[in-house]
Amino acid sequence: MANEIPTKGILKSEALKQYIMETSAYPREHELLKELRKATVQKYGNLSEMEVPVDEGHFLSMLVKIMNAKNTIEIGVFTGYSLLTTALALPEDGRITAIDIDKEAYEVGLEFIKKAGVDHKINFIHSDGLKALDQLVNDKCEFDFAFADADKSSYVNFHERLLKLVKVGGIIAFDNTLWFGFVAEDEDGVPEHMREYRAALIEFNKKLALDPRVEVSQISIGDGITLCRRLV
């Protein structure tokens with residue numbers, strides 16, 4: 001297919017990637033997450049690459065636990081692998097506000113979320129991300145942790161809203177910020193359908209690096225994830 005998504009991730013050694021997955025990622029993966037991953041592949045084929053990889057899921061789970069987060073927000077849910085990962089990591093009284101414009105994809109994962117007994121933790125908002133964030137800002141909501149994995153060209157606008165929603169000391173995580181490694185390559189070598197997000201993410205990464213309101217760490221896991229700790 002002309003628009004087939006390249007194999008996700010910035011780690012180019014297939015042998016090393018397989019070692020990481022088979023040694024620590026797959027053995028620790030929750031059974032319902034495994035089932036959800038398989039269901040996503042069955043329904044979406046190559047597009048299942050939009051889901052976070054297993055090792056990144058472990059990273060997010062540990063981060064939420066280390067932070068003792070209780071109130072989180074996720075923009076961009078797809079079938080809910082990262083959403084279920086977070087729900088399993090939160091305490092019984094933890095809550096997630098999940099936003100996505102594609103309710104059909106979310107419902108693929110809802111079956112497994114219910115099986116895990118964590119559906120009571122999730123408030124799903126069927127909406128465009130920016131519209132939903134603006135409403136949450138108006139409602140003066142507050143979160144400990146945010147995970148953004150939606151329209152990459154909207155990351156700058158997501159960031160401004162999330163700085164109003166995530167408490168001082170909280171974490172905002174942006175996924176895919178290294179975009180298959182294309183951010184470090186000349187545009188001529190990048191597939192045409194990947195160039196728009198590449199350009200948007202290059203500019204976004206520059207803005208984050210210069211933003212005095214956050215402390216930034218870019219993590220080379222999955223397709224690249226950038227952590228922003230709110231300072232002011």
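A Cβ is built for glycine as well, from the same backbone N, Cα and C atoms used for every other residue.
What Swiss-Prot lists as substrate binding site is K8, D149. For D149 (substrate binding site), the same-chain residues that are 6 or more apart in sequence and have a Cβ closer than 8 Å to its Cβ are V52, E74, I75, G76, F78, S82, F174, D175, N176. Reduced to three states, the DSSP call for D149 (substrate binding site) is coil.
Residues or ranges marked as S-adenosyl-L-methionine binding site by Swiss-Prot on the basis of sequence analysis: V52, E74, G76, V77, S82, D100, D151. In the shown protein chains, 27 other C-beta atoms lie within 10 A of the C-beta of V77 (S-adenosyl-L-methionine binding site).
Per Swiss-Prot, the feature divalent metal cation binding site maps to D149, D175, N176; the stated evidence is sequence analysis. Neighbours of N176 (divalent metal cation binding site), defined as other CB atoms within 10 A of its CB across all chains, total 24. Under DSSP, N176 (divalent metal cation binding site) is assigned to coil, being neither helix nor strand in the three-state scheme.
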In three-state terms from DSSP, label D100 (S-adenosyl-L-methionine binding site) for me. strand
Simplified DSSP label at E74 (S-adenosyl-L-methionine binding site) comes out strand
E74, G76, D151: which of these binding-site residues has the highest Cβ count within 10 Å of its own Cβ? E74
